[in-house]
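S.K.: Provided herewith is a single structure, encoded as structure tokens, for subsequent inquiry.
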């Protein structure tokens, strides 16, 4: 058999990859209400205690490491809030 024929034979014998057509949601296939529940569950987790060793306090819940400086965010969603800036 030629190489091309062997390759086609192998491709015909290989089953579908897992996740393809087996009914399981992957990535973008997730139900929006399921994603919302997961996000709310994430928000309800207790906050971790901040380790302020070796950093500069830059707001009530923000601590900048030594290579960054305190400033205000220019991002459209967090404009004017405290932020760690690299310049």
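Glycine residues also receive a Cβ, built from the backbone N, Cα and C atoms like all the rest.
Feature list, courtesy of Swiss-Prot:
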- 55-64: disulfide bond (DISULFID)
- 58-70: disulfide bond (DISULFID)
- 63-84: disulfide bond (DISULFID)
- 1-19: signal peptide (SIGNAL)
S.K.: Among all the protein chains here, how many other CB atoms are within 10 A of the CB of residue 63 (disulfide bond)?
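M.R.: The answer is 17 other Cβ atoms.
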S.K.: Does anything in the same chain, at least 6 positions from residue 70 (disulfide bond), have a Cβ under 8 Å from its Cβ, and if so what?
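M.R.: Non-local contacts for residue 70 (disulfide bond): 56, 58, 59, 64, 82, 83, 84, 85.
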S.K.: Which has the fewest other Cβ atoms within 10 Å: 55, 84, the disulfide-bonded residues listed?
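M.R.: Lowest Cβ count within 10 Å among the disulfide-bonded residues (55, 84) is 55.
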S.K.: Pop the Cα-Cα gap between residue 63 (disulfide bond) and residue 55 (disulfide bond) into the table, whole Å please.
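M.R.: Pair distance, Cα basis, whole Å: 6 Å.
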S.K.: Counting across all protein chains shown, how many other Cβ atoms sit within 10 Å of the Cβ of residue 58 (disulfide bond)?
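M.R.: Residue 58 (disulfide bond): 18 neighbouring Cβ atoms within 10 Å.
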S.K.: Taking the Cβ of residue 64 (disulfide bond) as the centre, count every other Cβ atom within 10 Å, in any protein chain shown.
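M.R.: For residue 64 (disulfide bond), the 10 Å Cβ neighbour count is 19.
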S.K.: Going by DSSP, give the three-state secondary structure for residue 58 (disulfide bond).
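M.R.: DSSP call for residue 58 (disulfide bond): coil, neither helix nor strand.
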